[in-house]
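Here is the structure we will look at.
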Amino acid sequence: IFHEKQEGSLCAQHCLNNLLQGEYFSPVELSSIAHQLDEEERLRMAEGGVTSEDYRTFLQPSGNMDDSGFFSIQVISNALKVWGLELILFNSPEYQRLRIDPINERSFICNYKEHWFTVRKLGKQWFNLNSLLTGPELISDTYLALFLAQLQQEGYSIFVVKGDLPDCEADQLLQMIKVQQMHRPKLIGEELAHLKEQSALKADLERVLEAADGSGIFDEDEDDLQRALAISRQEIDMEDEEADLRRAIQLSMQGSSRSMCENSPQTSSPDLSSEELRRRREAYFEK
């Protein structure tokens with residue numbers, strides 16, 4: 001599935017490309033559409049006189065785009081017209097009277113406070129293609145109506161995309177198979193915070209391991225050890241980090257054993273389960 005992630009404020013570009021499933025639009029092309037709209041609007045406003053207050057107000061910065069990369073609904077609508085696609089407001093009285101079940105549509109474009117994103121059906125399944133997510137989010141048929149209702153409640157404007165979308169590989173493949181999603185994608189900001197947390201954990205463990213290799217006793221690095229232990233107790237399903245934790249605890253117990261009794265047996269094994277390792281680790285440090 002093609003999924004552009006957020007860059008700057010280019011969510012309109014990401015929204016269109018995720019809808020069409022390819023790199024169809026660039027900021028330059030959308031800017032060109034915005035400038036064309038500005039010129040058409042300027043000519044219409046000039047019909048009322050170039051000295052009028054309305055015309056002077058209109059000559060202020062464009063309402064169809066800004067320097068951050070934001071583009072208006074008019075720009076998105078005109079871009080889709082190139083593909084013979086039309087936008088209809090989902091919660092308009094005219095559309096609601098049609099009583100069309102959302103799962104019978106093919107795609108939606110959603111907007112809230114200058115952020116645009118696409119919800120699209122690929123094959124026989126629905127996906128949230130929000131550029132703020134780390135990847136596509138699978139939406140079940142039973143949850144789709146509730147998801148759209150929740151967006152409306154939060155103040156989103158929702159548009160139904162009408163017309164034939166261009167063919168794409170993901171749609172063809174998902175006509176034949178269904179996918180399952182074991183883990184929901186995170187927001188990009190949450191993913192970055194998670195990676196920073198993992199990086200801090202590894203840095204602390206490395207300091208602890210260096211101390212263990214040097215002396216076998218952790219007395220001089222008690223603060224680093226306690227911090228590493230506190231972070232390591234968090235639920236992190238990463239095999240490489242679990243291996244680091246096993247090695248740190250194994251070395252710490254070996255070092256302590258050497259300082260107290262040379263004949264004391266090892267108390268940790270790489271074959272221990274995660275839960276058993278946690279219990280022994282906590283018992284050791286409490287002691």
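Note that Cβ sites are derived from N, Cα and C of the backbone, with glycine treated the same way.
Residue environment of Cys11 (active site) contains 23 other Cβ atoms, counted within 10 Å of its Cβ in all protein chains. Marked as active site by TrEMBL: Cys11 (among others).
Per TrEMBL, active site, nucleophile is recorded for Cys11.
Sequence annotations record features per position, and here TrEMBL assigns active site, proton acceptor to His115.
Taking a C-beta cut-off of under 8 Å and a sequence gap of six or more, His115 (active site, proton acceptor) has these contacts in its own chain: Cys11, Leu132. The active site annotation in TrEMBL covers His115 (among others).
Positions annotated as active site by TrEMBL: Asn130 (among others). Contacts of Asn130 (active site) defined by a Cβ separation under 8 A and a same-chain sequence distance of 6+ are given as Phe117, Thr118, Glu137, in order along the sequence.
Feature annotation from TrEMBL assigns compositional bias 'Polar residues' to 251-271.
As annotated by TrEMBL, compositional bias 'Basic and acidic residues' applies to 275-287.
The domain 'Josephin' feature in TrEMBL is assigned to 1-176. Averaged across the domain 'Josephin' (1-176), pLDDT in this predicted model comes to 89.
According to TrEMBL, the feature region 'Disordered' maps to 251-287.
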